[in-house]
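**Q** Straight out of TrEMBL:
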type	residues	note
TRANSMEM	71-93	transmembrane segment
TRANSMEM	99-119	transmembrane segment
TRANSMEM	185-204	transmembrane segment
TRANSMEM	210-229	transmembrane segment
TRANSMEM	332-355	transmembrane segment
TRANSMEM	375-397	transmembrane segment
TRANSMEM	418-436	transmembrane segment
TRANSMEM	456-475	transmembrane segment
TRANSMEM	496-519	transmembrane segment
TRANSMEM	539-562	transmembrane segment
Amino acid sequence: MAEEDIYTKDGTVDYRGNPANRKETGTWKACPFILGNECSERLAYYGMGTNLVTYFTSQLNQHSATASKNVANWGGTCYITPLIGAFVADAYLGRYLTILYFSVVYVIGMTLLTLSASVSGMKPTCDAQGNCHATEGNSAICFVALYLIALGTGGIKPCVSSFGADQFDDADEAEKEHKSSFFNWFYLSINVGALVAASLLVWVQTNVSWGWGFGIPAVAMGIAVVSFFSGTKLYRNQKPGGSPLTRICQVIVASIRKYDVKVPNDKSELYEIEEDSESAIQGSRKLEHSNGLRFFDKAAVVGGLDSVKDPVNPWRLCTVTQVEELKAIVRLLPVWATGIIFSTVYSQMSSYFIVQGGTMDNRVGNNQKIRIAPATLSVFDTISVIFWVPVYDRIIVPIARRFSGRRNGLTQLQRMGTGLFISIFSMVYAVILENVRLKMVRRHNYYELDQVPMSIFWQIPPYFIIGCAEVFTFIGQLEFFYEQAPDAMRSTCSALQLLTVAFGQYLSSLLITIVTKVTTMNGGPGWLPDKPNYGHLDYFFLLLAVLSVLNFIVFLLVSNLYTYKKSVGTLR
């Protein structure tokens, strides 16, 4: 077999066109390079982003409100740019080349950020007392670097998990079983990187220097790139299928043009190309026709003005597979929407859990010198994930498999629903804890006391509960949005899943704004005053608990109505 028949232009192995080479590529042989990349990249991201508010306030001399807003804007951008990277991957470059090009942008951004914090003339000037002054040029360099990083991560986030899952063949029963495990270990690698960042790198930034604090994440990103491209010849590569937005628009336009056409009951009368399993979309398998959303089937009805001979006008006549692509996306959206409330609960670990912890005794034992910063408790969420991933993969799945008879134990929707249910208890616990704390405040008149005599370690359970819920919901979402996405739209659907995190943060901000405005209308301090001892943070947590219950009920209804997609030649 000629070399050009085995390797594609980007250097990866395309087993779909070369079955004889299939056993030498993909599966777990390729995954260590991908998991190593994700662990190092997440270490870089969290190592740079976790303490960014402190850098803005202490080095760029920004007010706390301005710094928080700038971090929120940057963080939101990091979860919106994946839409760009996903579109480029699915439409033009494929996941491998997209990760390559956006990694270069990421490394440039990390390098520039490190230089802006360490090189004289680029970094802010500080006096002997540690008071710093940043020029407009210093701030500009910093923000250019940060938004280069946001662009870089936008090409990596939606592609790496999908690229890893591409290494397992849906048509092979043994490989398909391992694919579910891959998502578990992928999420574990994220949290290992986050754990190192939250513990070691925050200490370096606080006690050594910001130059080293940003330099180490930059090196970690370099290691991530090297790790990923070391496995190049072991990878299986999914070919890009062209613009998914164009294909979706073609189905909608063709359906509207044929609004008065009757859809035949016999699905064989709908238009599809003749090949066995490959569709007209490059690198994509055919999708079986599904009932429901029948209006879009009109796009595949052959009318009197349609020609089934090449070239077919896709704005008048679409294949069944193309129609099913749109149906798959429409069916995903209600499930996707239920993830927003979960992300809102998740976002409390970086907002009001910290506010609550700031009002509690943060000493370790009776030592006055050793104190725990409230934000540090988020490490227990990471520890929880690291604990629950192997428990789920090695214990829960085999037990569930015995009862359900399913290869993966639970369906993806059952797994996600379990996580949504578990997350409710994190808010219930937070309500009870804050209620007990406020009763102590009122009983002993601690209103003006910054920290009540109640250990901050009472906050550990909700972090641990959310970590457990993540293993079910977030990993379930990763697998669900990959499996239920059409072959040529998997990066796009992964980006949609990431959007729930951004929207969850935005919803949290909206709820805070509404609650503050409504509860202060009569001139009182409201639920969320600057001094929590005068407020009712427990009511806010109760609101989130109620929303979580309602969201879980909606999820049950949505999941009960959901129709799984079926690719031709794919195992269930």
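Cβ coordinates come from backbone N, Cα and C, glycine included.
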**Q** Pairs 6 or more apart in sequence, C-beta under 8 angstroms, 3 or more of them: is that satisfied by the transmembrane segment (332-355) and the transmembrane segment (375-397)?
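**A** Contact between the transmembrane segment (375-397) and the transmembrane segment (332-355): present, because at least 3 Cβ pairs are under 8 Å.
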**Q** So, taking each listed stretch (99-119, 185-204, 375-397, 496-519) in turn and counting its Cβ pairs to the transmembrane segment (456-475) that are under 8 angstroms, which one gives the highest count?
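**A** Checked against 99-119, 185-204, 375-397, 496-519; highest Cβ contact count belongs to 375-397.
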**Q** Taking contact to mean 3 or more CB pairs closer than 8 A (sequence separation of 6 or more), are the transmembrane segment (99-119) and the transmembrane segment (210-229) in contact?
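**A** Contact confirmed: at least 3 Cβ pairs fall under 8 Å.
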**Q** Could you tell me whether the transmembrane segment (185-204) and the transmembrane segment (496-519) have 3+ CB pairs under 8 A, leaving out pairs under 6 positions apart?
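**A** With fewer than 3 qualifying Cβ pairs, these stretches do not touch.
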**Q** Is the transmembrane segment (418-436) in contact with the transmembrane segment (185-204), using three or more Cβ pairs under 8 angstroms as the rule and ignoring pairs under 6 apart in sequence?
**A** no
